[in-house]
Amino acid sequence: MESSSEISDTSHERSLQAWSDLRRHQILLDADEFVTKYDLDDLRNEIRTGALLLEDPDHVEGLTEADVSALAQEKRPIPIFSRNLIKELPGFAETLLSVSGPGPDLRGNTLNNPLMRFDTFVRFEPAYWVLGYWCAVPLLRSFGRRGAIYATVGLRLAGLLYAMIFPKLSSNGVSGALYAITKGMFLCIMPMYFAETSPIPARGSILLTWKLTQGLGAAFGLWIAVLASPVAASLPAAFLLLGVGVCFWTAPESPYWHFYRGEMRQAYKVLLKRRQIAAQASRDLYRMYSFRTYDRRLSTSARRTKRYLLQALVITTTLALSWTVPGISGTLVFILITRMPPSEWGVSTGVIMLLSMVVSAIMVHLVERIGRRRSVLMLMAIMALALVVNILTAHQYLGGFSRWDLGIPQTVMLPYGALFILIELYAAEVACSFGSDAIMAVIMTICTLRDISAVYLATMIVEMKSYRVRWNFFAAAPLSLFLAVHLIFIFLVCVLLIETKGRSLEEVRVAFDFPIANRVAYRVRLYSSYITRRVSSSRRQDLEPFEESEYGNGVIRLQEGNIG
């Protein structure tokens, strides 16, 4: 019996070894095909090593100890506030212009009535943002990421020059229009650049850090607003724009742009500059090729590819629209504040803004540790809790309130910045994973329409109250409706959102191959089983973490990791 079992084990080991050798041979053949197709004979050994690393991350044959150490460290979270920050954020100076600059008279002379200000806001500036989103698309396709940024900087400089030559109020509207357009272009281009050039373990936190620097832009914008001379305001803005151009002149182009143009050698050189060792660069280059080839083999028709793209847009749009309800509540707070003297709302508003910055700073450190899904759901839960507190305290505002009571409805605005940044991060990852520059413009347009709708609905609520601005807008009935809709969005985000933490852009793309209907059914079944097992102490037991198949083959398997 022992001899027969030993023979069986030996036969099994031989079968596994034969299958492993066959698989290795096929991988090397595919790598040689890639080398021959793009005339990379001098990089054959590097590409072969990268292909084997892609199949088996623990493959160390032919690697030095330094290479093995670099591969072991690349999956660890990278400290953001380190020397790598300057390397990964070469264009941080651009944020100083994202919310500031001359030309604030784009909206024209407005009355003191906040309704008029919101009405003119809806009519003009967001339309220029949308125009900027779509102007960025042909620039991205024709000139790449850096070229699009150069064009945006040039257009912004033209607006500043126009404001300096013609400092009259009538001509300042032209500068304001160019400012709004270039702001939309920056918001569309920069997230894609960071998503494509940042290392996987720090992709989210790098983009979040870049967005946080917009606080400096707010301070700069306030300083410009105080200045009376358009020329004096334009000079520092022009120098900052030149600084942006210098930063990106020294920064490498996105390797994905070279890859989509078939410039594999140039893409490899860019990756080599941004990676520690050559094996990482060759592995990442071969990952782009292999996943794109895999997608073409599976996608026998354009209809299948469009279905995956539509699914990605549906999931991302659901995430973007989940911010509509908080947008309405936050806009109501803002409108009501503008009707009061600053002495009544200044302190509480300052505290809320400071806490919001703290929440955003915390998200920089958490997003790559707990993932996008948990971060989004945690912020949405904070919003739901704020709505519940407002419902319970709504009766206090029927007869008046004090300056400290104002902080209760303002808590609705607490997670505003952090959640919006996470939505933009997710949109950039989805857009880059599909290799379509227009997807980012579509998602940003949806976000702008969402914000316009929130402002419009909040303005209509105030108008229906005949301009009698009191805190009874936050009575229990409308807040309960907001809370119910918000909980529905929390459920949709929970069952649909795809985790992208620790995944390459190619793996993010493949994750959308899993059909939405199956994904919803799977998550409902998983969470319901998890809740029923955990709610009863007598039946409580440790559960294994689940993750969906990374390759979209419809198979659900148990393995280490979070829910994808």
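In case you wondered, yes, glycine gets a Cβ from its N, Cα and C as well.
Unlike curated records, TrEMBL annotations are generated automatically.
What TrEMBL says about this one:
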type: TRANSMEM; residues: 147-165; note: transmembrane segment
type: TRANSMEM; residues: 177-195; note: transmembrane segment
type: TRANSMEM; residues: 308-325; note: transmembrane segment
type: TRANSMEM; residues: 345-364; note: transmembrane segment
type: TRANSMEM; residues: 376-395; note: transmembrane segment
type: TRANSMEM; residues: 407-427; note: transmembrane segment
type: TRANSMEM; residues: 439-461; note: transmembrane segment
type: TRANSMEM; residues: 473-498; note: transmembrane segment
Annotated stretches the transmembrane segment (439-461) and the transmembrane segment (308-325) touching (3 or more Cβ pairs under 8 Å): yes
Among 147-165, 345-364, 407-427, 473-498, the stretch with the most Cβ pairs under 8 Å to the transmembrane segment (177-195) is 147-165
**Prompt:** Is the number of Cβ-Cβ pairs under 8 Å between the transmembrane segment (473-498) and the transmembrane segment (308-325) three or more, considering only pairs separated by 6 or more positions?
**Reply:** yes
